[in-house]
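Here's the structure, in structure tokens; my notes come after.
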Amino acid sequence: MFVARRLSKNITQISKTAVKTSVRAVPVRGFKTTSVNQAAAPAPKTSQEKEYFEKNKSLLDKESNEESTEVDYSKLNENQGVVHQVIGAVVDVYFPHGKLPYINDALIVDDFQAENVEKVIEDLNNPSLKGKIDFNNVPISNIKLVLEVAQHLGDGIVRCVALDITDGLGRGALVLNTGSPLMVPVGQATLGRIMNVIGEPIDGCGPIPATEKRPIWRAPPPFADLAPSASILETGIKVIDLLAPYSRGGKIGLFGGAGVGKTVLIQELINNIAKAHGGFSVFTGVGERTREGNDLYHEMVEAGVIKKEGPGSKVALVFGQMNEPPGARARVTLTGLTVAEYFRDAEGQDVLLFIDNIFRFTQAGSEMSALLGRIPSAVGYQPTLATDMGCMQERIATTKKGSITSVQAVYVPADDLTDPAPATTFAHLDATTVLSRAISELGIYPCVDPLDSTSLMMDPNIIGVEHYKVATDVQKILQEYKSLQDIIAILGMDDLSEDQKATVFRARKIQRFLSQPFEVAHAFTNMEGRFVKLSDSIKAFKGILEGKYDHLPEAAFYMVGGIEDVEIKAAKLLESAGKEEKKTTTTSTTGQVKEETVREKVTRLVDEAYNAKVKKLKEYGASTAHLEELRAQYEKNFESEISQLEVLLKK
């Protein structure tokens, strides 16, 4: 044991010595340095080489002296360091004077020509600022690369995560310690603008004239300042308002796999809530498609939510899309949250925060964790998964000053809700809306699963007794229908009792009535969007449960708004069916054309089918008694169909 410890200690000392040696060999661009022992240049061999060597001897000596130099660290102040190592999105920085930045502090990497950074250097050397840069006086366009400190490795080296691509970054680049976390612009100047993780505008409309900037790392509100709300946020979407209502000032999660409609649903919520919402909204695109962010921006401009000229914009956009490095995708959520917190705390607003997609936040954290060398936990996620999620989610809260209502899209890998990423998110949410691939395959949109979706607001003391009873009855009848599906698939509808048949018919109508056309999907469906009030939804579903609409065809309940739309669609369906059925004509023996009724047409079809089968049976020698029995069976089976069609036409 003693020998092993001694050997380990020696290895540690050797590695530390190697680190120190490698650090001293890092050249810094822009600093004159003293020469050190350098290897002799190889002797020229051919006559051409000798001639070239003689002509360019002085130039080669000068370049050799500049390249093989040792850093004169006396030229650096205590807030300056140099890039020691670059490994993709991870950058190691050496601070020679021993004053290391804190964890989560922002570092700036640049060539730092005098005309760009005179103010920065002045602030760094100003004792009154205690080493902190006044970010309000640093133009963001001068910042080439921002790093965030993640680890202290020892011997003056810190390991950082880059918030942008590191292409072209080399060892020896000068690094400045800002002395604080990343600061981003906040306030009404951000409304109508698109910015990235470091607060840089990316909409081509010039700099953001913000008067204040705030750090992206902040503590959650104190427990004494919290003021939970118990009021419903009406979305105008039937399945959500009825079965999994959202709370004002709560956290809402939209769970679903790839391609089931999370982004479309979140855009419809923006359309229905943000446009009618009196306060401000913040949309944060985390690791999603740049095309969707571009489309969303132009849709908001057309809708008047964003005004390119003059004041009046209601939403701020923060994007860190899927082409960004993991550092940007992991921190852009905090940037958007910081903007929303300012509106809540400083201006007392009720803010809407949309995040698409919160899974990409977790995924970026997993990538960063692997790059930093941490041992992964279950399914390859970072060991700090719960901590990272909690630090972000706890800042989304309702206080005595204002509220933040967040709607978060959550991608579910392989449609597995037990995956650690969505499972960790579940614990922080007030309402969960689960999008089902099985329902989307039926063509029902939004494909919200009414049995898996939940809400803490489903309490009769909050939503009212009538709403609670109708919602639970709807879920009950859908659950009964789900349990009967296996029996129907094996034995068919004939083996069900009359009550079970009524349950199936009403459940299928409810299932289709939960679909709804969206305004944001008008270009794809060619159907006008519908906003349905909660009171109308309760009344309509109550009527379906009581059997008031049993006479309406099932197809009339598909992709409509309120129950009035169902009745209008049913009338159109019956009218078109009547034209096809009633206007079918036959020619009598006298040559006159007469109108054929529904019963006559069905009877004619029965006769045709019967005669075709009788012809076959006679060929095989069937008895007359057997043929009469067959006739009675045909008439019995079609009698119910004839009666139903006649009732529909009379309506």
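Cβ coordinates are placed from backbone N, Cα and C, and glycine is handled just like the others.
The transit peptide annotation in Swiss-Prot covers 1-30 and rests on sequence analysis. Swiss-Prot lists Gly259, Val260, Gly261, Lys262, Thr263 with the feature phosphate binding site, giving similarity to another entry as the kind of evidence. Look at Swiss-Prot and you will find Gly259, Gly261, Lys262, Thr263, Val264, Arg289 tagged as ATP binding site. The ADP binding site annotation in Swiss-Prot covers Gly259, Val260, Gly261, Lys262, Thr263, Val264. What Swiss-Prot records for Thr263 is Mg(2+) 1 binding site. The Mg(2+) 2 binding site feature in Swiss-Prot is assigned to Glu288.
With all protein chains in the displayed structure included, the most crowded Cβ environment within 10 Å among the binding-site residues Val260, Val264 is that of Val260. Rounded to a whole number, the C-alpha distance linking Val260 (phosphate binding site) with Glu288 (Mg(2+) 2 binding site) is 15 angstrom. Remark: of the binding-site residues Lys262, Arg289, the most isolated position is Arg289 (fewest other Cβ atoms within 10 Å of its Cβ). Taking the C-alpha positions, the distance from Arg289 (ATP binding site) to Lys262 (phosphate binding site) comes to 13 Å.
Remark: Thr263 (phosphate binding site) has Glu288, Glu292, Asp356, Ala409 as non-local neighbours, by Cβ distance under 8 Å and separation of at least 6 in sequence. Neighbour density for Gly259 (phosphate binding site): within 10 A of its CB lie 10 other CB atoms from the protein chains shown. Listed binding-site residues: Gly261, Glu288; maximum Cβ neighbour count within 10 Å falls on Glu288. Taken residue by residue with DSSP, Gly259 (phosphate binding site) is part of neither helix nor strand, so it is coil. Sequence-ordered, the extra residues of this chain that approach the ATP site, with Cβ no more than 8 Å from the Cβ center of Gly259, Gly261, Lys262, Thr263, Val264, Arg289, are Gly256, Val260, Leu265, Ile266, Glu292, Ala409. Taken residue by residue with DSSP, Glu288 (Mg(2+) 2 binding site) is part of neither helix nor strand, so it is coil.
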